[in-house]
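Enquirer: I'd like to ask some things about the structure below.
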Amino acid sequence: ARDAYIADDRNCVYTCALNPYCDSECKKNGADGSYCQWLGRFGNACWCKNLPDDVPIRKIPGEECR
């Protein structure tokens with residue numbers, strides 16, 4: 001498991017405004033919790049804590065969001 005920005009199948013972050021949205025999205029993917037990181041590297045995006053290794057994350061630098 002790792003702490004990371006969760007990503008969809010296009011390598012795009014989950015854009016957020018509030019923590020409860022991120023907490024729901026991250027937990028349903030197996031993470032312990034999360035928060036909405038404002039004005040981060042990818043804008044306002046969900047940061048998951050202890051996200052399972054098989055769940056896609058935003059790669060840094062990685063490919064761009066498609």
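Each Cβ is built from the backbone N, Cα and C atoms, and glycine gets one as well.
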Enquirer: Choose one of C48, C65: the cysteine that Swiss-Prot connects to C26 by a disulfide bond.
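Expert: Disulfide partner per Swiss-Prot record: C48.
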Enquirer: If you have Swiss-Prot open, could you say which of C46, C65 makes the disulfide with C12?
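Expert: Disulfide pairing in Swiss-Prot: C12 with C65.
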Enquirer: Determine the Cβ neighbour count for C12 (disulfide bond): the number of other Cβ atoms within 10 Å of its Cβ.
Expert: 16
Enquirer: Using DSSP and collapsing to three states, where does C36 (disulfide bond) fall: helix, strand or coil?
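Expert: Strand, per DSSP.
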